[in-house]
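*Asks:* There's a structure below that I have some questions on.
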Amino acid sequence: MGSRVAAALLRRGRDQASALMIPRLAPRSAPAPAVPRIGSGSGGGGCLIPPRPGSTVAFSSASRFAPFHAFRSLAPKTLLGQCTRKMSTATAALNSTMANGAANSGLKLLVTKGPQAQKAVGIWLFGCAAWVFSLVILGGITRLTRSGLSMTDWKFTGEIPPVSNEAWLLEFEKYKQSPEYKRVNKGMSLEDFKFIYWMEYAHRMWGRALGFVFAGPFAYFIAKGYVTRQLGLRLSALFALGGAQGLIGWWMVKSGLEEPTSEYVQPRVSPYRLATHLTSAFVIYCGILWTALSVVMPDPPTGSLSWVNGAAKIRKMAIPVSAVVGITAISGAFVAGNDAGHAYNSFPKMGDTWVPEDVFCMEPFIRNFFENTSTVQLNHRILATTTLLSVAGLWLAARKIDMHPAVKSLIGSTLGMAALQVTLGVSTLLMYVPTSLGSAHQAGALTLLSLMILLTHTLRRPSPTLLKSLAAAAKPT
């Protein structure tokens, strides 16, 4: 019975087992190491004997292809469950040896329990990142439609929306007491109020729903033993920051419900609080995306020592470029907080001049960069241009360096996105910030940031074992 099952296992898993057990990085002239088998029978099959402790035969190949294959298992679980005690012992020993090999090689896996667990956790984290992305875009639409101040109170547990006409009239009366209604929307109809109310309500509930989408699977994966200590601490910090994000959002909205200091100033949220709220959302998104990439791609794509050295050179330039992209995105929050997009709707000049005369009219001097409409917009223009030129410089440098083709393609995509983002920004300004273009511009900023995160993650230094394997493959026979 054992030999028949083993033969079936060999037939169904021959390709995967060969890919895992035979080191592909050895020179072609070197003979492939023989893989001993046990349990051979009339069917000619058998089970693979695990390698000796300390052997790099099994792990060297797996570590190289881990970014794309995530340590594929040898055979389906249904067959493994039917193996004899001898075969089960061999399989357990193989898994233990691979785990020890991963630890000894310097490759830090964030998920245990094999490739299926790795895939499940990766899909969940990428889904959470996409949810945060959509939440940021929805928040931008809420701001562009001036819906953010329609709900004048906040409850930690949320609240049921108005369902009756009396309930709607009660909420409308609360809004009529706000400075925004008195100075901007006086005479608004109940139907118009319902629209802005639903926009803000959807934004708040979408954020709360993310908490359940994150916490539920997180608890399940912990119970299943999939999550390592390092991953657990990282995700716990992100979850805590997500919970604080709701409080930051209300802290921001509350600033817009206060009476402005001057009768000539329109009610709006504090640009500092808006920037804090948006920055926090960016940090959560980047943290989840980076973690998801680390789960599914524990080692970066390589191929040769030349490509690894080329990636190291580009990495030194990509990190500061990523910082410029992030700073530019945050500066956009101050543009939105000061409604600076509705001033100087011309390009490349700002009105009739390149630099407005009142760029440094505020005291103290530092306030101009965060509260002065002219300075805030000029600052964002300069940063956006710097971003485009920096990404273009990165692309030009990459053309002269021997690197993995996938990395070069990614840099080209990043340059294309940077050019598109500048085009969206200029179009949004010239057309007086329509909601469609404004939200597209914000989505473009987050997309460009995502590409830079993917690029810097792909340019990471490989694990020690992978580097040794590449060095061994490069030696002349």
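Using the three backbone atoms N, Cα and C, a Cβ is placed for every residue, glycine included.
Summarising the annotation, TrEMBL assigns transmembrane segment to 121-141, 205-223, 235-253, 273-296, 317-337, 378-398, 410-433, 439-459.
Surface or core, plus neighbours and distances: that's what I need for these features.
*Replies:* Under 8 Å from some Cβ of the transmembrane segment (235-253) lie the Cβ atoms of residues 148-149, 151, 154, 156, 204, 207-208, 210-211, 214-215, 218, 227, 269-270, 273-274, 276-277, 280-281, 283-284, 287-288, 291, all in the same chain and six or more residues away from its ends.
Sequence-distant contacts of the transmembrane segment (273-296) (same chain, at least 6 residues past either end, Cβ-Cβ under 8 Å): 67, 70, 110-111, 118-119, 121-122, 125-126, 128-129, 132-133, 135-136, 139, 143, 231, 234-235, 237-238, 241-242, 244-245, 248-249, 251-252, 255, 326, 329-330, 332-334, 336-337, 446, 449-450, 453-454, 457.
Non-local neighbours of the transmembrane segment (317-337) in the same chain are 140, 143, 268-275, 277-279, 282, 369-370, 376-377, 379-380, 383-384, 386-387, 390-391, 393-394, 397, 441-442, 445-446, 448-449, 452-453, 455-456, 459; each lies 6+ residues outside the stretch with a CB under 8 Å from one of its CB atoms.
Residues 313-314, 317-318, 320-321, 324-325, 327-328, 331-332, 334-335, 340, 350, 355-356, 359, 369, 407-408, 411-412, 414-415, 418-419, 421-422, 425, 448 of the same chain sit 6 or more residues outside the transmembrane segment (378-398) yet have a Cβ under 8 Å from a Cβ within it.
Away from its own ends, the transmembrane segment (410-433) comes close to residues 144, 314, 341-342, 344-347, 384-385, 387-388, 391-392, 394-395, 398, 440-441, 444-445, 447-448, 451-452, 454-455, 458 of its chain (Cβ-Cβ under 8 Å, at least six residues beyond either end).
Same-chain neighbours of the transmembrane segment (439-459): 133, 136-137, 140-141, 144, 282, 285-286, 289-290, 293-294, 297, 300-301, 311-312, 314-315, 318-319, 321-322, 325-326, 328-329, 332, 387, 406-407, 410-411, 413-414, 417-418, 420-421, 424-425, 428, counting only residues six or more beyond its ends whose CB sits under 8 Å from a CB of the stretch.
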